[in-house]
Amino acid sequence: MTAASLVTLALSLSLAQAAGHAGEHGAPAPEVATPAEGHGARDAAGAATDPHGAAAEHGAAAHEDPAQHGAAGAEAGHDESLGAVMMHHVADGYVLELPGFCGGLSWACHVDLRDVFGTEHVSEIDAHGHAVERNVSGPLVFGKVDMTPTKHVVMMWIASAILLLVVFAAVRKKSLVPRGLYNFIEMLVQFVRNEIAVKNIGEKDADRFVPYLVSAFFFILFLNLFGLVPFAATATANISVTVMMAVFTFLITQYAQIRAVGVGGYFAHMTGGVPKSLWPLWFIMIPVEFLGLFTKPFALTVRLFANMVAGHFVILALLGLIFALNSQWIAIASVPMALSIYMLELFVAFVQAYIFTMLSSLFIGSVVAHHGHEDEHEEHGHGAAATGGAHGSHGSHVAGASPGHG
């Protein structure tokens, strides 16, 4: 898997480099229809009536400064092709790349998801002047909302399906001594429950949130690992995905706090514990506490997104040095370094899933445990009052008995 991924990245960079060179040496550009098509036809007719003038203009434009044009084109080709490959690798889109030989130099078959999930009706005039209607690829639109699945959405569907199959297959194999896949799944589930949920939320309330934490851990883990598979895509490198994962944690955290302290206690917490006698300070504490609600999901979003994007950019940058410096000797150092970063990314996939789950449980536990501590303090207060009353009554009895003894 590692070698195949690195070879795929290297081939994509080389093909992009070749495309850049082809563009520099006069590759024909695709024709694009514009509203000024009639003017173009008239200009073409004029050029046909005066071929010498058109040829002279073309020759002057083509041979104006060939050395300067070649140098600028080469530099722009290198920069644009390498940068485009790096952005294309992490960007979302409608085109899904599947393994297979589809002709030409490409080792991947490109499937346009707009052709699969949606069509668009277009009316046009044929060569005989008749109005015809045909179907072309277009977005899947409901009202004004584009609902066409992108490749990152497809990756999430595939990850969810594989996750369900793996978990159900592991759970069905019930035995006293777990082995193989069931042992591995059970180990991870027990780790999430005992080492993450219980330690951060507490034994009393942990099991209520374990299903979400386990689901988030495995879902993020599978998406991270998918990004290291050739022809796949890293959905967690899309900030829209990480935002929604953080939103789920945010909503569950608010639900846990309202369930623990009630609606009144939830809004009372916005004052930051400042008593009513110091109510002018509420104008400072309430905005601070309100912003604090959103800094936690923001941290979850940026942490996961930035780490996944950075790892892929480092690998692509190391492989891109071969083509940027135009020397095969660079591969002696860049390929082993890229391979080591790739192996590190396997570890990072688990680490980022763990960090997201751990921080989510920490945020949930901060609102649940705070309520538990308040109840505990109240119980201790009542106990201390009862104990103090008992000691007081005992002291009064002793004091009352003293004169008798005297």
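For all residues, glycine too, the Cβ spot is worked out from N, Cα and C.
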Swiss-Prot annotation (transmembrane segment) - matching range among 330-350, 351-371:
351-371
Between the stretches 151-171, 209-229, 232-252, 278-298, 351-371, which wins on the count of C-beta pairs under 8 angstroms to the transmembrane segment (304-324)?
232-252
Stretch in 151-171, 278-298, 351-371 most in contact with the transmembrane segment (232-252), if contact is a CB pair under 8 A:
151-171
Counting only pairs 6 or more apart in sequence, are there at least 3 Cβ pairs under 8 Å between the transmembrane segment (209-229) and the transmembrane segment (151-171)?
yes
Near the transmembrane segment (151-171), which same-chain residues lie under 8 Å Cβ to Cβ, leaving out any that are not at least 6 residues past its ends?
92-97, 113, 181-182, 184-186, 218-219, 222-223, 226, 232-235, 238, 240-241
